[in-house]
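To keep things clear, I will list the structure first and then write my remarks on it.
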Amino acid sequence: MPELTDSPDTTDATAEIAEIAEEVLEAPADAPVQKTFADFGIRPEIAGALAEAGITHPFPIQAMTLPVALSRHDIIGQAKTGTGKTLGFGLPLLEHVVAPDEDGFSSLPAPGKPQALVIVPTRELAVQVAKDLETASRRRAVRVLQVYGGRAYEPQVEALSRGVEVVVGTPGRMIDLMNQGHLDLTRARTVVLDEADEMLDLGFLPDVEKLLARTPATRHTMLFSATMPGAVVAMARRYMTQPTHIRATDPDDDGATLKAIKQVVYRAHALDKVEMLARILQARGRGLTIVFARTKRTAAKVADELATRGFASGAIHGDLGQGAREQALRAFRTGKIDVLVATDVAARGIDVDDVTHVVNYQCPEDEKTYLHRTGRTGRAGKTGTAVTFVDWDDIPRWGLIDKALDLGYPEPVETYSSSPHLFSDLDIPEGTRGTLPKESRTRAGLEAETLEDLGETGKKVTRQRTDRGRDERGDGGRGRGPGHRGE
């Protein structure tokens, strides 16, 4: 099976990074690490909290990052999602935060003002990063606040007024809170930029630079990105001081390869695609599955159709409020549902390690989108399966993707839900039909997950643009449409 390599339109900025980096460190992404977190000198409270969660040994990117970051040296971390980078930056961040009940808090220049800032491109990633930080700091009184659009301002403003140590959020909402005088970044001694290339794609780098400009010049800065486009390198040059460049690489590749993923590509017929999908979802060994659609309408329709066929499914797309999106994500992570139908933008930042299958219900827009979608499986040393449906009209588009990535599938084989090769390729039991048998309907379902009242703002206000370069709301995560400055 051919490997997936990085998109050719991504700038190879290794030489440029070398000009500003003081040192370059590389580690195989799947190399075993013998040391425990405690061996790296992490606070006993943090190491103990991780151990309670079953986390004792770091991933390679964490083992490489910890000694450098704990010494407060700037870092450019090059690693794709799923390599464990959150704890790589999160543990050093927490190590240098002083909680309200700890020695030294009262002597801080401004107790209760944010001491650390994590800037992420999407709401979903903000939730995931904050959750990981809260897990690691469970034995301490560190206050972690999530700020992003789609949630009401008031609780975020109230939390900031009471005092927080760590703020995790999207650029748009952070800018708004900062401009209104609620978010004070002048005491943020640690700043993390996570998935910087995604923020570039979404057009958020100008907002990120505004935030950086309001933090102390002596801050500790860590930037993480799967790829290093020129604009990201230029930002690192402006805002970082002699950073160490750390790369989590796979053996014999350039660090962007996605391995251990079985890829199959079928030319499918529109009226038969749901039936094909329903049979694929009954393959032996299938676990959590993400189904990607290009449009919000298709995502909603497919999720509803699967539900009527007995599958525990949910959807995330731009026409859903933040509460409904978080409900679906929680249900997916906890296994109440095992099929999540998503648009590309809504799925940004989803970080779930146990995804066994990815299905491209509609052909991706380009090779980069294909890589992002397919990379949701085969993570953390596990194997995965990626299935792509190509409509007749999308054959030329698929040809460009296949050529760019050298996948070896220039002409997808015409496939129906009854095709024998569909069953043999994906290990679908013979005789499987497109409705899940009642005895197999064992998951609790989406309704079993609580739908929280988030006091949502800007819900389905003006989502005009869904083109590449902006999020589905077009507002940088602020959570409202034009003309709603006060929200």
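Even glycines carry a Cβ here, placed using N, Cα and C.
Just so you know, TrEMBL annotations never went through curation; they're auto-generated.
According to TrEMBL, the protein has these features:
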COMPBIAS  436-446  compositional bias 'Basic and acidic residues'
COMPBIAS  456-487  compositional bias 'Basic and acidic residues'
DOMAIN    35-63  domain 'DEAD-box RNA helicase Q'
DOMAIN    66-246  domain 'Helicase ATP-binding'
DOMAIN    273-421  domain 'Helicase C-terminal'
REGION    420-487  region 'Disordered'
MOTIF     35-63  motif 'Q motif'
Please spell out the DSSP helix, strand and coil residue counts for the motif 'Q motif' (35-63).
16 helix, 0 strand, 13 coil
Roughly where does the domain 'Helicase C-terminal' (273-421) sit in mean pLDDT, to the nearest integer?
92
Three-state composition of the domain 'Helicase C-terminal' (273-421), taking helix and strand from DSSP:
61 helix, 30 strand, 58 coil
If you run through the compositional bias 'Basic and acidic residues' (436-446) with DSSP, how many residues end up as helix, strand and coil?
4 helix, 0 strand, 7 coil
